[in-house]
Amino acid sequence: MISKRIFLRLSSSTKHMYRFLVILLINILPINIKAGRTDWSEEKNPSFWNEQARLDIEYNLRRKENKRIAKNIIFFLGDGMGVPTITAGRIRKGQMLGQLGEDFITEMEQFSHLGLAKTYCTDHQTPDSAATATALLCGVKTSFGTIGIDGRASRGNCLSSHGTHVDSILKWAQELGHPVGIVATSRITHASPASAYAHSSDRKWEGYDSINFGEKEVAQGCVDIARQLVLQSPPIDILLGGGRRFFYPTQKPDVANSSLNGTRTDNISLIDDFWKGKYIWNKTELHKIVLGSPEPILGLFHDDQMRFETNRIRNPKGEPSLSEMATFAVEHLLLKSRNKNGFFLFIEGSRIDHGHHFTQARYALDDYVEFDNTIGQVKRILQDKGVLNDTLLVVTADHSNAFSFGADSARGSNLFGFSTLESLNVSTIDKMPVQIITYGNGPNFPAIRNKTYLDSIDLNDTEYRWPAAIPMVEATHAGEDVAVFAQGPWSHLFIGTMEQHTIAHKMAYAACWGAYKKRRGCK
């Protein structure tokens, strides 16, 4: 933007053209607008804030509702990405680019509509990923720890689940012939991705291991999650994630680490005996696949969860990033859906949550940054292909975590450092420095607080566990509402405070899928 002094010298016609270009940038190309300052000297002038407010109002006054039928739906889930994580992640991303961070605008924050979702499940005030993902993908709230079934079933009770299965939006899309996909950095059988295709009384029933799932459950008519995945009919077109161990028997060494074996005790190799498509296990094989090829693709890039992005960058080991997997899946599905009028894709940044459980905030926030980068890369592909305005993009979290930051830290402070505490620099109680990041509960309790220890630790280290107020082996989830960002057809439905399960219904409404395929306006 030009300064006010220069603007006043312009001719009236030039001023008019300048205003037009500003409005064009704000309304037509909002995804390209970036903020980010390296100092705050210009903020001292009230005119800076007044102009920023004026532009914000102009943008909102000129925003129009997109009511066309959504051709494609891409649903992004940041596991454990509560509002504190979004704010801290914004600062982290800005600071990684050499900026102060607080005023940076992330990719998801450039979406046109924003709301809040209530995350409670039928039996818990603070939920888990199984119940919330079932709500988000199947449109029905359910019990803690259960996947793809309604609230009548009891956790861990196979018999109680019969007759309670609920289908997901992925299935609704398949019923109309649309190609579908799942991308996650967790095990592909983990709670969130599994909720798109499986029905299970217990999220721990990922494979036949005779510990969590075995003969008893089979005799009662239940199937483990990994087996449900390979038996899907029609098959899911593309599945990329981790968790090889649940697909192979105990006598089968892992392809990337021979010291590890499969965990199936039923002596079945699901990949060799049941999977009817292409199977890959490293990034090299991924990039050899012809985009748009007809056979279904299953990529399992780790024995367990895929690694945190910070560790993957240091030593990739043939493991693709979330953005690599997601952009491949988008381009693949765009080609596959040319004659089928659109696709559905679920993309999860799974390990944000795991970093928080371990109270290792560096892992959590760096995975958030990669998740946000993925959103931006996907948007640019859609824009380049000319289908951005036909695609509904939704970004949300399944739940929050017991993570917080603050301590009166100064503008531009390194999040992983100590707070200035309004220039006091130390706690008024023990006269020791205070970390900006803390957790409500977790393993680092009581946190050591003496000069020798605080002088010795590297707060930027990924393995550092941040202080917790209450002792727990792992930090818990948090129960506050989570943000919902939306852009594209019918994104104006995703505003205000909403029940979490309505998100699946709103996505389906936008695309004329499921119960909404005959709504007014559908072809």
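Any Cβ shown, glycine's included, is placed from N, Cα and C.
Residues or ranges marked as Mg(2+) binding site by TrEMBL: D79, H190, S192, E348. What TrEMBL records for D79, H357, D398, H399, H477 is Zn(2+) 2 binding site. The annotation active site, phosphoserine intermediate is assigned in TrEMBL to S129. Annotated Zn(2+) 1 binding site per TrEMBL: D353, in sequence order.
Rounded to a whole value, the Cα-Cα separation of H357 (Zn(2+) 2 binding site) and D79 (Mg(2+) binding site) is 11 Å. Apart from D79, H357, D398, H399, H477, the residues listed for Zn(2+) 2, the same chain places the Cβ atoms of G80, D128, S129, T132, D353, H356, A397, S400, N401 within 8 Å of the centroid of those Cβ atoms.
Residue environment of E348 (Mg(2+) binding site) contains 28 other Cβ atoms, counted within 10 Å of its Cβ in all protein chains.
Recorded residues S129 (active site, phosphoserine intermediate) and S192 (Mg(2+) binding site) have their alpha carbons 6 Å apart, per Cα-Cα distance. Summary for the recorded positions S129, S192: the Cβ-based neighbour count within 10 Å is maximal at S129. Put simply, D79 (Mg(2+) binding site) is 6 Å from D398 (Zn(2+) 2 binding site) when counted between their Cα atoms. Checking Cα-Cα distances from D353 (Zn(2+) 1 binding site) against the binding-site residues (H190, S192, H477) with a 10 Å cut-off leaves H477, in sequence order.
Ranked by Cα separation from H399 (Zn(2+) 2 binding site), the binding-site residues D79, H190, S192, E348 are led by D79. Annotation: H399 carries the greatest number of neighbouring Cβ atoms among the binding-site residues H357, H399 [cut-off 10 Å, Cβ to Cβ]. Taking each Cβ in turn and tallying the other Cβ atoms within 10 Å, the top scorer among the binding-site residues H190, H477 is H190.
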